[in-house]
Amino acid sequence: MASSSSLTLSQVIFSPSLPRHGSSSSSSPSLSFSTFSGLKSTPFTSSHRRILPSTTVTKQQFSVRASAAVETLEKTDAAIVEKSVNTIRFLAIDAVEKANSGHPGLPMGCAPMGHILYDEVMKYNPKNPYWFNRDRFVLSAGHGCMLQYALLHLAGYDSVQEDDLKSFRQWGSRIPGHPENFETPGVEVTTGPLGQGIANAVGLAVAEKHLAARFNKPDAEIVDHYTYVILGDGCQMEGISNEVCSLAGHWGLGKLIAFYDDNHISIDGDTEIAFTEDVSARFESLGWHVIWVKNGNTGYDEIRAAIKEAKAVKDKPTMIKVTTTIGFGSPNKANSYSVHGSGLGAKEVEATRNNLGWPYEPFHVPEDVKSHWSRHTPEGAALETEWNAKFAEYEKKYAEEAADLKSIITGELPAGWEKALPTYTPESPADATRNLSQQNLNALAKVLPGFLGGSADLASSNMTLLKMFGDFQKNTPEERNLRFGVREHGMGAICNGIALHSLGLIPYCATFFVFTDYMRGAMRISALSEAGVIYVMTHDSIGLGEDGPTHQPIEHLASFRAMPNILMFRPADGNETAGAYKVAVLKRKTPSILALSRQKLPQLAGTSIEGAAKGGYIVSDNSSGNKPDVILIGTGSELEIAVKAAEELKKEGKTVRVVSFVCWELYDEQSAEYKESVLPSSVTARVSIEAGSTFGWQKFVGDKGKAIGIDGFGASAPADKIYKEFGITAEAVVAAAKQVS
């Protein structure tokens, strides 16, 4: 438990944002390392995002700024801290009020911990939000995003100017209603659905622990940063938070510090109506160090002491339970659910201004507060310069490790990496695509330094084990096999955090395809936040057989095809599996799902890595003039059925084109000319076959075509029997082809 004794700021100099005197970097040459600035290789910026200029600091400037920073911190008094905290509160109040939408309660209650983190503890460079060795901050209770926006504004981030605060939650605003990493530089991950943020934070901390174990040397600590997260009662109630916090404790993520905003208020009222567990005891049982800050409203020294204590614990994550008052300072709405999700209203805003002694106009930042916070720009630039110099020395001593780390940071793939992908011929033995996937996973792990992942307790069924590596565990964090246990939702969100840590970290995760239902929330956020996770989903159809309809996906292909910014692959054999992996590795802003078979499938003639990359392509065709009698379209295990049906139709004198539709989304990206060459508009006789829902297939088969599939649940029986009973056969395809042609 945190000590209640009073501590001065000079007694708690644990802030990593202060350059150290006598640092070796002062005499080290400046490293011009543009790819590390987060500009040319910035992984998580949309095309409309502004490029942020790199800041360079000379040796002399560095020394002056370092001295000034220490002097400023030592002279900081309670008055400027209180004024800064109230500035944060009123920026949040004013933005919500102007937007007539938002959540002022959390920012008002959490402003003290937010201030201490951003002003006294965290290391970051406001002018380069993507500096690699920065501390990461995650607001898991994303509805309180005005807290983070106010902090970014005060800290000097270009992404949150006064005009941005005034356009909160408006069309085209850079500060949307919940934090979005692709909209606001300085926001690490996209949060909003409660529990996702704490899970992302675990992923960020996993990435730091893994990279530190691999690349740090006794004489060079090149990876050294913390992950801080604020979560609320709602996050605690969500099951995903328990999943990931269990793993965080098991893995001993000592550089993960979570602040639990313990305000006892939910949307429906006091948490007593539905949430009465002992959260501290639960976290202790999960292997966390737990501290209780009893006065989160004004107990600044208590918060500082708690952070200092947390940083002293190296072998486990820390939860700091901070008891706060939601809407602190509001005379009539504080400690009430009414301040959670709506503005205070003009009268209550005025009352709050009077109560907290705030005479300023809306959105005003007092000059002494501006001056106090202005040091973070030079300090941050100095920190990055110091790290760049340290990396330059590291690169001289450890060239191979430096090259791998640089690849991970920048996302620049090693030259010729794609040559590692296996290729197959029709003479290659038949195999399940889950087994072929494992061959690809292991091939990629040999050539991609940032490739890592695991399964939700199904590694031996999903075939996801990296054979040349051990398990990532508390004492072996340098290894690359992640054991997630039966925690699908947590697994997905942790991988989002890993992917968003560094562009060259390429995480994959696996379970049975049907159990994506347990992790869909994380997968949607992956697509939204442009996190290039690879989802290895096996047992992709009724082909899994006897386990029955609880384990047989039906609607899943269609549902993911409806989701924006995600690639839904269903490869038919080895070449298509390799093609899917090639695209998945290259598409770092788009997650990919590989739906893979349990049953063995033949290596088909005509398939290719290049064809799979186009999403849909011609596998075989005995017609001329781009006008076959009928086009058969198959995916995955049913491409073999389409090929067999084509052979039967050819025997009857038909000209038949077989098309493999590996990925609808990639096919849609192709030119109109290419699509016309594959599915000519003049040929309306089309039949699709897929062991799943027929929903959406009309787009490709047209009104005159026919989609063969399954629009009900499956059954428990041997796979061959189920295929026959559901009409997923070559005979059914032949009959349909004759009907439409």
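Each residue, glycine too, has its Cβ placed from N, Cα and C.
What Swiss-Prot says about this protein:
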type: ACT_SITE; residues: Glu488; note: active site, proton donor
type: BINDING; residues: His103, His340, Arg434, Ser461, His539, Asp547, Arg598; note: substrate binding site
type: BINDING; residues: His143, Gly192, Pro193, Leu194, Gly234, Asn263, His340, Glu488, Phe515; note: thiamine diphosphate binding site
type: BINDING; residues: Asp233, Asn263, Ile265; note: Mg(2+) binding site
type: SITE; residues: His103; note: site 'Important for catalytic activity'
type: SITE; residues: His340; note: site 'Important for catalytic activity'
type: TRANSIT; residues: 1-67; note: transit peptide
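Feature map: annotations from Swiss-Prot on the structure.
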residue	record	Cβ contacts under 8 Å, 6 or more apart
His143	thiamine diphosphate binding site	His103, Leu106, Gly177, His178, Gly192, His340, Gly341
Pro193	thiamine diphosphate binding site	Gly142, Gly521, Ile525
Gly234	thiamine diphosphate binding site	Ala141, Leu194, Gly195, Ser266
Asn263	Mg(2+) binding site	Gly105, Leu106, Gly109, Gly232, Asp233, Thr323, Thr324, Thr325, Ile326, Asn335
Ile265	Mg(2+) binding site	Gly105, Asp233, Thr271, Ile326, Asn335, Ser336, Tyr337, His340
Ser461	substrate binding site	Arg434, Ser455, Phe512, Thr538, His539
Glu488	active site, proton donor	Ala456, Thr511, Phe515, Thr516, Tyr518, Met519
Margin query: Counting Cβ atoms within 10 Å of each candidate's own Cβ, which of the binding-site residues His103, His340, Arg434, His539 comes out highest?
Written below: His539
Checklist line | For Arg598 (substrate binding site), nearby residues of its own chain (Cβ under 8 Å, 6 or more apart in sequence) | finding: Ala432, Arg434, Thr538, His539, Asp540, Gly543, Leu544, Gly545
Checklist line | Secondary structure of Ile265 (Mg(2+) binding site) (DSSP, helix/strand/coil) | finding: strand
Notebook entry, point to check: What is the Cβ neighbour count of Phe515 (thiamine diphosphate binding site) at a 10 Å cut-off, with all protein chains included?
Noted result: 20
Check: Any idea which of the binding-site residues Asp233, Asp547 has the thinnest Cβ neighbourhood at 10 Å?
Finding: Asp547
Check: For the thiamine diphosphate binding residues given in the record (His143, Gly192, Pro193, Leu194, Gly234, Asn263, His340, Glu488, Phe515), what is the largest pairwise C-alpha separation in angstrom?
Finding: 34
Next item on the list: Using only the residues recorded as binding substrate (His103, His340, Arg434, Ser461, His539, Asp547, Arg598), report the maximum Cα-Cα distance in Å, whole number please.
Entry: 48
